[in-house]
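For THR192, the entry in TrEMBL reads active site, nucleophile. Among the features that TrEMBL reports, substrate binding site is placed at ARG220, ILE221, GLY222, ASP223, THR242, GLY243, GLU244, GLY245.
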Amino acid sequence: MSGWAIAVHGGAGVDPNLPPHRQQEAKQLLTECLNLGISALRSNASALDVVELVVRKLETDPLFNSGRGSALTAKGTVEMEASIMDGTKRRCGAVSGVSTVKNPISLARLVMEKSPHSYLAYTGAEEFAREQGVETEDNEYFITPDNVGMLKLAKEANTILFDYRIPTEKCAGTESPVKMNGLPLSIYAPETVGCVVVDSQGRCAAATSTGGLMNKMSGRIGDSPLIGAGTYACEVCGVSCTGEGEAIIRGTLAREVAAVMEYKGYELQQAVDFVIKDRLDEGFAGLIAVSNKGEVAYGFNCNGMFRGCATENGFMEVGIWE
């Protein structure tokens, strides 16, 4: 085997005017997540355990849009979703519409390991969470003052916002070429967190978690919980996507990376570059990926992507922009 590798992301599509202190906070959290994953990998943890561990940390910190700090629906509530996939046997689990589960990624893993299904949503997912005894919180735990203020601005602008980490004066009335299913969005900003890992035994895993879009319709489901769209892992690679969910779904983006590696013989970075360039149509997105050879790669076609990556040979990088 070629050694372990890990990559983590905190969303693609970064406001170029994001304040420096926000950028530093993001880099610090990504570095902490990488170090957490690296420590576990050095202790011979499996790829599956590591992606769950890292995404749990991201869900607990309100900086990015998952778990605590999730974006709000038009009703002012939180509806979270997550998925996880073990590439060894293509096992997967996913949840949508959870509003009280502290760590949706762990519930997704329980769906994979403790239920006969691959995907549970809304009341069914909440009931399953209670049966499994997972940690829960009142919906208010996930709501931050920033989210409440951003939802108000979104409603005033009559638009959907990808996230809240942007100076508030930029929200209302801002023109943008970014569209979702042909409808204009006034802000394109980071959303979704994810982690991909290949361990020392060459096993790949991927995990993705999100609160979705600010001011989204209640019941909206994005790419993050959809296996093959926002998340995918197999014997060859592990992939986690972020960005315009509807475009990622249409392009089955995560699976497409694996497909061109399997059927075209592409190397990892070549596959990532091809998918970002040729499978997003007019959508904006990014992704992180690892291969069973211990390689790590990422790509995006927007202003930036919060990401970090590391390999067993000592390489480590944390960045936002190109």
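Every residue number used here counts from 1 along the chain in the order it is shown.
Using N, Cα and C of the backbone, Cβ positions are placed for all residues, glycine too.
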Task: Residue, out of the binding-site residues GLY222, GLY243, whose Cβ gathers the largest set of other Cβ atoms within 10 Å - done: GLY243
Open item on the list: Between the Cα atoms of GLY222 (substrate binding site) and the residue listed as 'active site, nucleophile', what distance do you get, rounded to the nearest Å?
Closed with: 10
TODO: Determine, to the nearest whole angstrom, how far the Cα atom of ILE221 (substrate binding site) is from the Cα atom of THR192 (active site, nucleophile).
DONE: 13
Open item on the list: Under 8 Å between C-beta atoms and at least six apart in sequence, can you list the same-chain neighbours of THR192 (active site, nucleophile), or say none if there are none?
Closed with: HIS9, GLY10, GLY11, PHE64, ASN65, SER66, THR208, SER209, THR210, GLY222, SER224, GLY230, CYS241, THR242, GLY243
Task: Residues ARG220, ILE221, GLY222, ASP223, THR242, GLY243, GLU244, GLY245 [recorded substrate binders]: greatest CA to CA distance in Å - done: 16
